[in-house]
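Asker: This is the structure I have questions about; it appears just below.
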Amino acid sequence: MRRRSTSLKVLALTGFAFLYLPILTMVVLSFNESRLVTVWSGFSPKWYGELLHDDQILGAAMISLKIAFISASLAVVLGTLAGFALSRFPKFRGKVALTGMVSAPLVMPEVITGLALLLLFVAMESLLGWPKGRGVVTLIISHVTFCMAYVAVVVQSRLADMDGVIEEAALDLGARPWRVFVDITLPMIAPALVSGWLLSFTVSFDDLVISAFVSGPGYSTLPMVIFSKVRLGVSPEVNALATMMIVVVGIGVVLFTWNAARLHRMRQREERAAAAGL
Amino acid sequence: MSGGDQTAAQAVPDPGVASRPRTGSVLTRLKHRLPLPRGLGQGMVSGIPLGWLLVFFLLPFGVVLKISLADTAIAMPPYTALLDWDGEAVATLQLNFGKYLFLLEDTLYLSAYAGSLKVAAVSTLFCLLIGYPMALFIARQPAERRPLWLALVILPFWTSLLLRVYAWIGLLQHNGVINNILINLGIIDQPLVMMQTDFAVYLGVVYTYLPFMVLPLYATLEKLDETLLEAAADLGSAPWKAFLTVTLPLSRPGMVAGSMLVFIPAVGEFVIPALMGGPDTLMIGRVLWDEFFNNRDWPMASAVAVVMMVVLVIPVMLLRNGQNKTAEHG
């Protein structure tokens, strides 16, 4: 297999270059002194300074961070309940409906989800008087709805990988279902909860289309501000902002991968030690 | 709900009796509080997310359907009521199919649906062509190096879609990086027109959705039994022939899953055609957006959404469920 892999390697590395070339260009251009973004005139970090004094961007970033934090946390709770019910309850009323609905937001075109949620909020406001207007509440409800799908999928696959033997043993020994869940299930699915939260946070922080539909005047999230800036043309500040976001995400992914690899090696060592002990 | 009781739970002695006489701090009493009836506890675990999704995911589509049958009105919200109370107890139901008729009459909508399908289909094909070698390459790496390559695929996926599209604008635009380089090298005299073209839209969609193709493909290829390929080689099959007859057919589930993950969102894509496409790049997501935000025609936007759901999303989702079921049973 190894011999013929040269052509495969070339094709694959071309694919990776395709993925990274635009990102790398953007990072380099963020240090360009010229306002004409794509004409190089010298190295300068000045756009980062300007970025830190741009109140519009900073304000929008704060709104986005707040909404992403709350949405991701609520989505982890709801998504874990959904994932747990789907993989651990043999049957319950509405299982088919939950199975279908929990993954549907992942593939639903965003323009449809956004429009549908906005029309719902408008109808609810005129019928029930809640939610009043559109802003933080409507943004959070919408983000939770599509983020919980990610959490449910991650939790469900994690639970499917573990058999329920330990949980059953605890139940047999008289532990109540709630205690079994808190003491056994939760610690075992903790990694899935962490990745579900991170995924939800990122997806919520990045969302443009659904947010544009459901937010009201005065509540512009960061992607909405970037979108309106980009529509007017490329701007060196956006390059700087993008670079900062890529660096943060990059560090996160590297740490996560490194940690996963470390745990993997640790488990392998333990397994070898256990095998040697036998 | 009683059907959900696990057999194991029957071994639990009734804890209510034991915990009631216990005294002590609030905390211990809370810990040993009367448990909810088992059926109710389970009902809440499944009921809360189910209820949330019914209200905030299913119900909205009912509202969209309802408003698509209303007529546009100069009011807030800008549509007419379906039910009219004429003073007394008599209500009249007014259904208006005018928006759907208009969808069929005006070629703008039909060509936008067709355009979205074309962009999504062609982009899916290119994602498959570019993503397959990447997935196969990662799957053939030594186990300890795979997480690194996977992280390289996932990293762009974790960064903002908007910013990745933006990165291409800097490369493709009139005085962008590519044109500057080509002119400085003397390859071209005039800048190439790449932005605001269909080419830019295809490029943007392929670039954005490539990780969605690579990850499911890798998941299938990783599980592939290497001994099958060795057997094929032992029996004298050339590597490319073994690939065509063994690897490719066995990786079909990954190809299908990846294609769905690329195709469906690509059909409704708004950001990429809005930022990279020209005025004549017709895609249905953009048409819906314009109907809503620019024309303020909520019923028309709803009708566009309903047709997109019925024609594109539901069939593809049913197909996907069918695929999953056959994969489980097969």
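Including glycine, each Cβ sits where the backbone N, Cα and C put it.
So TrEMBL lists the following for this protein:
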REGION    B:1-22  region 'Disordered'
TRANSMEM  B:39-59  transmembrane segment
DOMAIN    B:113-319  domain 'ABC transmembrane type-1'
TRANSMEM  B:119-139  transmembrane segment
TRANSMEM  B:148-169  transmembrane segment
TRANSMEM  B:199-219  transmembrane segment
TRANSMEM  B:256-278  transmembrane segment
TRANSMEM  B:298-319  transmembrane segment
Asker: At an 8 Å Cβ cut-off, counting only pairs 6 or more apart in sequence, do the transmembrane segment (B:148-169) and the transmembrane segment (B:256-278) clear the bar of 3 or more pairs?
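Answerer: The transmembrane segment (B:256-278) and the transmembrane segment (B:148-169): touching, yes.
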Asker: Under 8 Å for C-beta pairs, could you tell me which stretch among B:199-219, B:256-278, B:298-319 has the largest tally with the transmembrane segment (B:119-139)?
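Answerer: So the stretch in question is B:199-219.
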Asker: For the transmembrane segment (B:199-219), give me same-chain residues lying six or more residues beyond its boundaries with a C-beta closer than 8 angstroms to one of its C-beta atoms, as numbers and ranges.
Answerer: 119-120, 122-124, 126-128, 130-132, 134-136, 138-139, 150, 153-154, 156-157, 161, 164-165, 168, 172, 251, 254-255, 257-259, 261-262, 265-266, 269, 272-273, 275-277, 281, 283
Asker: Report, as numbers and ranges, every residue of the chain located at least six residues beyond the transmembrane segment (B:256-278) whose Cβ falls under 8 Å of a Cβ in that stretch; write 'none' if there are none.
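Answerer: Distant contacts of the transmembrane segment (B:256-278): 116-117, 119-121, 123-124, 127-128, 131, 161-162, 165-166, 168-169, 172, 195-198, 200-201, 203-205, 208-209, 212-217, 220, 284-286, 288-289, 308, 312-313, 316-317, 319-320, 323.
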